[in-house]
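Asker: When I checked TrEMBL for this same protein, it listed these features:
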- Glu318: active site, proton donor/acceptor (ACT_SITE)
- Glu723: active site, proton donor/acceptor (ACT_SITE)
- 53-348: domain 'Peptidase M14' (DOMAIN)
- 463-753: domain 'Peptidase M14' (DOMAIN)
- 884-1164: domain 'Peptidase M14' (DOMAIN)
- 162-198: region 'Disordered' (REGION)
- 1314-1334: region 'Disordered' (REGION)
- 1254-1279: transmembrane segment (TRANSMEM)
Amino acid sequence: MAHVWGLFCSPLNHRVSLFSVLLFVVVSRCDARLLRSLSTEALGDESVESYDTYYNYDELTERLQSLALRYPHICNLTSIGQSGEGRELWVMRVTENPHRDTPGKPKFKYVGNMHGDETVSRQVLVYLVEYLLSLYGEEPRVTELVNSTDIYIMPSMNPDGFEQSTEGDCSGESGGRNNVHNVDLNRSFPDQFDGTKADPEQIPEVMAVIRWIQEKKFVLSGNLHGGTVVASYPFDDSASHPRQGQYSQAADDSLFRYLALVYAQNHPGMKTGQPNCPDSPTETFKDGITNGARWYDVPGGMQDYNYLFGNCLEITMELSCCKYPPASELHKEWDLNRESLLAYMEKVHIGVRGYVKDAVSGGALSDVSIVVAGINHNLTTGKYGDYYRLLLPGTYNITAVARGYSSMTVDHVEVTGGKAVQLNFTLAPVVSEAVGSITEPTTAMNNPTLVPPVLPLQPQEFRHHNYGDMELFLRKYSSEYTSITHLYSVGHSVEGRELYVMVISDNPNIHEHGEPEFKYIANMHGNEVVGRELLLNLIEYLCRNYGTDPEVTQLVNNTRIHIMPSMNPDGYEVAKEGDANGFKGRNNFNNIDLNRNFPDQFFPNTVVRQPETLAVMSWLSSIPFVLSANLHGGSLVVNYPFDDDKDGNTHYSPSPDDAVFQMVARAYSQENSLMHKGHPCEDRYPGEYFEDGITNGAKWYTVRGGMQDWNYVNTNCFEVTIELGCYKFPKAQDLPQYWEQNRRALLQFIHQVHVGVKGTVSDARDGSGIPNATISVEGIHHNVTTALTGDYWRLLVPGTYSITATAHGFKPVTIYATVQKGHAEQVNFRLSRLSSDNNDPSTSVPHVTQSPSDIALESLIKELSLGQGLEQLVRSTATESSFRYRRSKELSAFLRGLTLNFPKITYLHSLGQSVEFRTIWALEISNKPEEAEPSEPKIRFVAGIHGNAPVGTELLLEFAAFLCINYGKNPSITRLINETRIFIVPSVNPDGRERAIEKQCTSTQGSTNFNGKDLDTDFFGNASLRLLDAQPETKAMMNFILNRGFTLSVALDGGALVATYPYDKPVQTVENEGTLKYLAGVYANNHPKMSDGACFSDDNIPNGVMRAAERQSHMGSMKDFSMDFGHCPEITVYTGCCLFPPAEQLFTAWAENKKALLSMLVEVHKGVRGMVRDKSGKPIVGAIIVLNRGVRVLTTEGGYFHALLAPGNHNIEAVADGYQQQHQKVVVSSYEAASSIIIEFNLDNSIFGFPREFVVASAAASMTALVVTACIIWCVCAAKSNRQKDGFHRLRQHHEEYEDEIRLTSMGSKKSLLSNEFKDESESDEETLYANKI
């Protein structure tokens, strides 16, 4: 072969005939195509490759420069830096158009001669460059590789070391391994475990390569070494750095193994796994590959740096046993490695590739993270927004994440073994809350050739879906598109069918701050079916086109879209296909028209509220919907509010937002050409005309109790009713026509949720959002309110408006804003808190110094109260649970087990014993159990007062275990326990529990204690009301309630699904009812089903909350006793409709109640708390804190008090003997920790209502006058005493009589005092206790 190269590169007069050339080709077994290619290039003086000599630095430089000059159209030679001795670190770039970057080509690199004395790689890579250049255009495989790949080849990373090494030195004893500074370059890169140790000035070669790696974003790489024959893959070291034997697995371990196998299996010697190297003849490698660290530990290696910090997967190939073999071996080494080098390069094209673009500008986004679920290693996009994620065949969920943009996930990406799958992402910018602008992308490059436009995919199948078919359809799309869909039910129909809703959004499970909520509802009338099928079509369209169609992607990324295909599934099941204008199936199973079943603003609606209606009402109260459409059939028009009027006549009934409703109605009708004409059903209603295809509801005909009016009047949501066609239940063959007529309109209507104004109302003090703030627009008498995190949306037509934000406890702010067509103007409000009047001493508040712990707690309470904070806590604290019912002995053992396993945070109290001598336990959970911490709130969880309802018992046992297990592991749980004293009483009535029977939903067996007493009728603070002594269980609980000073109590019972608040006894008014109802509502709102408030279809419990007496009025309840004598609000939660359900249902009960139970731990830290003290700082114990002139609480040890209050403004009065009464005003928030105040008392200087100084002066004057008068009398009497002896005796007699009278009077006075000190026997105990309260 050497002769062939010599002939082709010799001067022209030495060339031989073509016959001789071909003869040499045959003899040398050279590829004929290679020779034909070379024959056309052999025009210069350069010699052909001989494969029998090493190139020193100068020869290498000359060779590479010659190739660059010869093949300028496909190669470019550059230097990335210099070695320690100033030699260039040459890199040959081989690709089509090598002088510019072209998007769509993954970057690949080979690096050789990193150790200067390992020289085979240096020569082999030169041969590879020549091979690629010479066969380009001749060999299809090479041509395709060069055209589709950006190839970089560095023959020598350590040219200085090479110059010091010696040919024939197989073990490296002659030196040259390290660089000129004697530093091993493959131990000098930043290490994941040890960081950076090498001096940068000592390793210029490494620093140059690091810069090169960071700049180019290579996809795949090979680092060629020598000393054995094996392919080594990451990681090269481990944290403990054992010499060898420690497998250090990378996140892409399987992929690395595959890539190493590609090289090894194409190498005839390497694939055997038996290098047979003279210095280690017994060393073997299975399949010719090895994990680096398992072979031997290499800290600071280049392959690990590439993977961890360079976006690039790299393996290390050891090519020969001899590090610097004789040059005569080079040809053999080239032949051994050629196929491996090519096959490995080709693997840069496997997996997934694509582009990431800005949804608004269409520009490319660089540095976007590409995240593959289940593989804890991400890479980032290049400057053209391109990425290349190598993956093995399989199915993956892939997400693109960028700062300032909403993330996007594509599920079920199928990767095959061939070329990479194309997967493009379009990311929507996140709106900046501060300035209302769109975050600029890092790189914007409008290049329409990057991602060719793709027509949206249309629905493939059109048919009518019955309930079962619809359910399967929804479940199918929910499972296939998990990253953008969430399927849930808002309730049930009369016949028990689920009222399904499909959410489609980039974060479908949560409300994202600043993202509006939109909904479509269809099939409210069961026989009007077109809307039902259109919404199923829409679900398919949105899911299948997300990530590829810009409009769909933008809508999904920026809107949370809720789709309810059928509100009346029962009616649908009896309706008949082909029904044009009938009524069969219109109503629900109870024959009630659901669109006449909502509360009406003008007329009372006496029709019993149906379960479908109640479910939708509850749904709308739980989500801040902005815009909605209710899809009907029977005509072709968009109908907008109001649907009726106060006089009940058919005429135009405008809402305050009439202009907005006309705008959004036209947005739909204009996209439906037939509707927009205004003549909907000429064959049936020839005279009917709707201008622009829209109409005011009441102008068309009046509808009392309609859903669209209820939306507008009672929520933030604007809703219209869309009639989709003249035929209510058309034939299935007509459905494609309906989709084609409405698909653009359906999308355009969703766009309308993004018009008007939007923004955030926040607290100027700390920037936190203010929920339930009111947004009012001057001239429009309809307000909207902010959501939980303070965000709001207000639909408006273009124009200039005066917009005001108000909130309890804050000063209102007004801003002028101009709304333009087609988008929402960002209008943010920062409200200042109302300050107290400093001139009014009654409102002066001493400064409250907050500790770091207080600040951290406040932050946690706000975090858990806003948005999805509590939901995220629930998800992050999943524990393995095994549910079963426990009897008394097992319950006791379980509680003791908790104290043994968690002794630092638990203490078990025995409250007493039942009639049958079973212990009633109370488990205390706190960071300092048994120690008095009066400043911490105390919360009581109680269950099992009725033994036949043991679900609450098991829930509290699981709750206790949950808290203990997560203490020290979850920061939020840990802080809640550290700042709260939690008491759990799992079973008040253990005797009744022993007699109760599982799977008995209505049985009363076990309800009472052993004596047959319902314990919830035995709590009487006044003994005169008792007929019998209190039961032992009751006594134990009453003592517990009275002696602990609880802030809040939650009792769990069964047999219903509702949260009740005091009182159980019949009372006309309930002091502080707003707070009590609010507390019950907190539990119900955090329970997924309780807000429906019904176990039976005829139940009507709004929001799942009611006053206890309205459910079942009775005397002597634990709840009432806690209120009246324990000064602690207690709510009773009925956790399920079945009293004693099967144990299999306990897991579901726990899942439903876990978040609600945690919400009570959060809620107990709200309201108002503080300290009462005198001017000297001495705490005042027993001071009375009067809330809103009603409810009273007493200060405890240390002068502390804590009272729960509903959000809003409240008046506080503090009263203590000998001190002046104090007044303060506080603002309580639904999402902030308790307002902390200090009340300082002044001594009461008044006596009998007069100033102390006046009383003292008057008393002194009176005493002086008495003394003077007495002296005068004495003098007069003394002067007469010698002359009037008889008179003296008479005076003495009268004086003795006077003293007797005084003595009797004094005795009567003492009796009177005694009668006031002790109560009269006729006075009741109840009156005494109530008196003591005050």
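Using N, Cα and C of the backbone, Cβ positions are placed for all residues, glycine too.
Owing to the predicted nature of the structure, the values given are computational and were not obtained by experimental measurement.
Tell me what's around each of these sites.
Answerer: Counting every protein chain shown, the number of other Cβ atoms lying within 10 Å of the Cβ of Glu318 (active site, proton donor/acceptor) is 26.
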Asker: So if I draw a 10 Å sphere around the Cβ of Glu723 (active site, proton donor/acceptor), how many other Cβ atoms end up inside it?
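Answerer: The answer is 26.
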Asker: From the Cα of Glu723 (active site, proton donor/acceptor) across to the Cα of Glu318 (active site, proton donor/acceptor), what is the distance in angstrom?
Answerer: 73
Asker: Mind looking up the mean pLDDT for the domain 'Peptidase M14' (884-1164) in the predicted model?
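Answerer: Across the domain 'Peptidase M14' (884-1164), the average pLDDT comes out at 90.
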Asker: Could you put numbers on the helix, strand and coil content of the region 'Disordered' (162-198), residue by residue per DSSP?
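Answerer: The counts are 6 helix, 2 strand, 29 coil.
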